[in-house]
Amino acid sequence: MLHVKESDSSIANDTVNRGYFYSKSCYRLFSTDYLLFLWIMYQLIRRILFFMDAEKAHYFAMNSLKRICNVSVFRSFVTWLFNPGRNLHIQLWGLKFRNPVGLAAGFDKNALYLRELQALGFGYVEIGTVTPLPQDGNDKPRLFRLPEDKALINRMGFNNDGVDIVTERLKHWRKENENNKNRILIGGNIGKNKVTPNETAYMDYDVCFRKLFDYVDYFVVNVSSPNTPGLRELQEKESLRVILTNLQKINATKETPKPILLKIAPDLTEPQLDDVIALAKEIDLDGLVVANTSLDRTTLSDPGILRCDKIGAGGLSGVPVGKRAKELVYYVGRNTENKIPIIASGGISNADDAKKNLVGGASMIQVWTAFIYEGPGIVKKICKGLKN
Ligand SMILES: Cc1cc2nc3c(=O)[nH]c(=O)nc-3n(C[C@H](O)[C@H](O)[C@H](O)COP(=O)(O)O)c2cc1C
């Protein structure tokens with residue numbers, strides 16, 4: 001016979017009550033009424049964020065999400081809510097990506113929000129651009145919304161904490177996720193400091209590559225941002241050869257080399273593009289990220305163009321660059337006989353855009369601007385559409 005002491009029975013009752021409470025609150029948490037309430041709250045928060053300065057809103061939103069995710073039950077809820085589902089994993093370069101939808105470089109430059117981005121369902125996140133030394137970037141304001149075009153213009157100028165601090169953060173993240181088979185993969189997007197002359201730029205890439213090597217899953221060499229003076233000149237064939245072959249040499253000394261990709265500008269002319277493709281084939285590059293922000297503003301609607309004069313210099317992203325970026329994906333795919341993997345980036349905001357890029361030769365896709373306009377459910381939405 002089981003003897004239950006009074007204290008035991010109160011513990012038992014307490015446990016039962018707590019179980020009841022949890023299941024009831026879980027029910028409340030997941031009920032449609034509650035989801036509707038969350039959706040209304042989200043629309044409200046979004047309106048408020050769009051009134052704020054774009055860069056401030058970015059950090060405010062991500063820091064708020066971080067605070068929410070500090071509480072494990074809320075983190076589980078966010079993960080559940082934005083779960084993009086199974087069976088979409090991609091095997092590439094010997095790596096297994098949870099799904100083909102990544103977050104493009106520049107969103108989490110300093111590897112501050114990996115846990116939160118993982119909860120939002122991203123298959124992978126490209127951190128950076130990271131430079132050897134920390135730098136502040138250009139004067140603020142430097143990020144502008146063009147809601148009528150679902151676009152952004154930015155002239156951030158590689159503001160980042162520098163490779164040492166970012167490496168420390170990644171080291172910590174790796175340790176925390178040692179046993180997490182479902183962890184997102186991390187791309188390390190690397191660049192040069194503004195003060196480094198182009199002649200010695202390869203050394204900046206060298207430093208970042210060596211320091212980040214153990215903590216990222218693949219590398220992207222960024223020579224295509226329009227906001228670091230002279231950087232795009234490094235897209236010229238011989239400059240690229242110096243930077244890329246140096247990294248490949250270091251890579252070859254490692255037990256398990258990491259994929260090295262090159263990110264190109266959407267504004268390259270056809271002969272420049274042909275040069276990049278020829279070099280990529282010649283040196284056996286692992287992949288291309290197609291493409292970065294654009295200097296071309298002719299694809300904007302008229303009011304956008306007027307506002308743009310006031311905004312000043314910067315790279316355009318979002319819907320207006322989608323057509324050009326997709327054309328480049330098709331061009332590169334065709335001219336490499338689809339032998340060099342492509343990550344498509346530029347104006348992808350729904351499953352249809354993603355499909356078109358994948359059909360055109362991309363192995364995976366990335367989003368950035370659409371995350372701002374379509375909201376945190378974007379990965380789930382695209383993945384759902386890709387399954388159909
Ligand atoms: C504010 C902002 C900052 C960015 N910073 C970087 C960066 O540091 N390095 C980089 O390679 N690309 C950067 N990009 C470009 C994006 O990674 C992406 O290639 C581009 O925005 C096109 O994609 P989208 O139309 O989905 O935004 C940045 C884009 C934005 C909007």
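The chain as shown is numbered from 1 upward.
Any Cβ shown, glycine's included, is placed from N, Cα and C.
If you look up TrEMBL, you'll see 27-45 marked as transmembrane segment. The annotation domain 'Dihydroorotate dehydrogenase catalytic' is assigned in TrEMBL to 88-387. Annotation source TrEMBL lists FMN binding site at ALA105, GLY106, PHE107, ASP108, LYS109, THR129, ASN189, ASN222, LYS263, ALA291, GLY318, GLY347. Among the features that TrEMBL reports, substrate binding site is placed at LYS109, ASN154, ARG155, MET156, GLY157, PHE158, ASN222, ASN227, ASN292, THR293. The feature active site, nucleophile is assigned by TrEMBL to SER225.
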Which of the recorded positions ARG155, GLY157, ASN222, SER225, ASN292 has its Cα nearest to the Cα of GLY318 (FMN binding site)? ASN292
Spatially speaking, which of the recorded positions ALA105, PHE107, ASN189, SER225, LYS263 is closest to ARG155 (substrate binding site)? Use C-alpha to C-alpha, please. SER225
Select the most exposed residue of ASN189, ASN222, SER225, ASN292, where exposure means the fewest other Cβ atoms within 10 Å, treating these as the recorded positions. SER225
Long-range same-chain neighbours of ALA105 (FMN binding site), Cβ under 8 Å, sequence gap at least 6? GLU126, ILE127, GLY128, THR129, GLY187, ASN189, VAL220, ASN222, LYS263
Expected list for ligand 1 (Cβ under 6 angstroms, binding-site residues ALA105, GLY157, ASN189, ASN222, LYS263) reads ALA105, ASN189, ASN222, LYS263
Find the one among the recorded positions PHE107, LYS109, SER225 whose C-alpha lies closest to that of GLY157 (substrate binding site). SER225
Nearest of the recorded positions to ASN292 (substrate binding site) by CA-CA distance, picking from PHE107, LYS109, SER225? SER225
Row GLY157 (substrate binding site), column other C-beta within 10 angstroms, all chains, value 19
In three-state DSSP terms, the structure that LYS109 (FMN binding site) belongs to: coil
Where does ARG155 (substrate binding site) sit in the DSSP three-state scheme? coil
Cα of LYS109 (FMN binding site) to Cα of the residue listed as 'active site, nucleophile': how many Å, rounded? 14
Here the Cα-Cα span from PHE107 (FMN binding site) to the residue listed as 'active site, nucleophile', rounded to a whole number of angstrom, reaches 14
By a 10 A CB contact count over all chains shown, which of the binding-site residues listed here is most packed: LYS109, ARG155, LYS263? LYS263
Reduced DSSP assignment, ASN292 (substrate binding site): coil
